[in-house]
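Remarks on the structure that follows.
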Amino acid sequence: MTAEQHAGPGAETRCGFVALIGAPNVGKSTLVNALVGSKVTIVSRKVQTTRALIRGIVIEGTSQIILVDTPGIFSPKRRLDRAMVTTAWSGAHDADLVCVLLDAKKGLDDEAQAIIDKAAAVAHQKILVVNKVDLVPREKLLALVAAANEKLPFARTFMISALSGDGVDDLKQALAAMVPPGPFHYPEDQMSDAPMRHLAAEITREKIYSHLHQELPYQSTVETDSWTERKDGSIRIEQTIFVERDSQRKIVLGKGGATIKSIGAQSRKEIAEITGVPVHLFLFVKVRENWGDDPDRYREMGLEFPRE
């Protein structure tokens, strides 16, 4: 069905890009998945999970909302950190609307205040989205909303729980009305602009985050080397997990290969659920010293390589 058929004769379609910005772990990826109604971006309790711009696509009435899940904004130290923060702000400046997410529990901490201050320079309508409202008393929420709007007057304010879904539909309807008039950019059955091989790599990276609780996840990356559709309808996927040292490789493998087997089993199951076909996943772990300084790895992640 085309956008015009979906909208009905004479109905005006709308389409626009909406960037979600905020501190790490504020719930941007969870919100994108809740709005889309399907998993298009990985979610982890660890900060800095999202590294590149991931777009989720939502149809609401006669509007197509293209959500841009940006990396969390923080004080960058490593080259990779700088690339992620630069990518986040470029996503905000390139969008039609900007949703500034705040964590209701953390309130207007230094990180949140710095983001709001910088968001003032973005020349688009800005929407305040206070997430995790189920964890905070209403009086504290109202004070937080008032303080945030005093720093930067927002076009709209929403209080939501991305995890439970409370308030998400109201936000979706508002975004549908606020994106500019125009034709749909993507087919109506498309939920993300990320290729499946990229999402598959992200899913495996998510499983690394959930299995390994030290710094290792931040010093690793995953690439899909091959994606082959077999005659029986199943998919064969080969992926490489890059780490910086041999000691890290041993951690990923685990005793007798137990850790990598568990990571692979969970990743395989989730990829199969998303694709709807059986998946044969083969994982390899390789040491690539200083991969965080390799321009090719940045291109694979969809990031611009910082020269300094």
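Including glycine, each Cβ sits where the backbone N, Cα and C put it.
Positions annotated as domain 'Era-type G' by Swiss-Prot, on the basis of sequence analysis: 14-181. If you look up Swiss-Prot, you'll see 22-29 marked as region 'G1', on the strength of sequence analysis. If you look up Swiss-Prot, you'll see 22-29, 69-73, 131-134 marked as GTP binding site. Annotated region 'G2' per Swiss-Prot: 48-52, in sequence order, evidence recorded as sequence analysis. Positions annotated as region 'G3' by Swiss-Prot: 69-72. Annotated region 'G4' per Swiss-Prot: 131-134, in sequence order, evidence recorded as sequence analysis. The feature domain 'KH type-2' is assigned by Swiss-Prot to 212-289.
The DSSP secondary structure for GLY22 (GTP binding site) is coil. By neighbour count, meaning other C-beta atoms within 10 Å, the densest spot among the binding-site residues GLY22, ASN25, LYS28, VAL133 is LYS28. Assigned with DSSP, the residues of the domain 'KH type-2' (212-289) fall into helix, strand and coil as follows: 33 helix, 27 strand, 18 coil.
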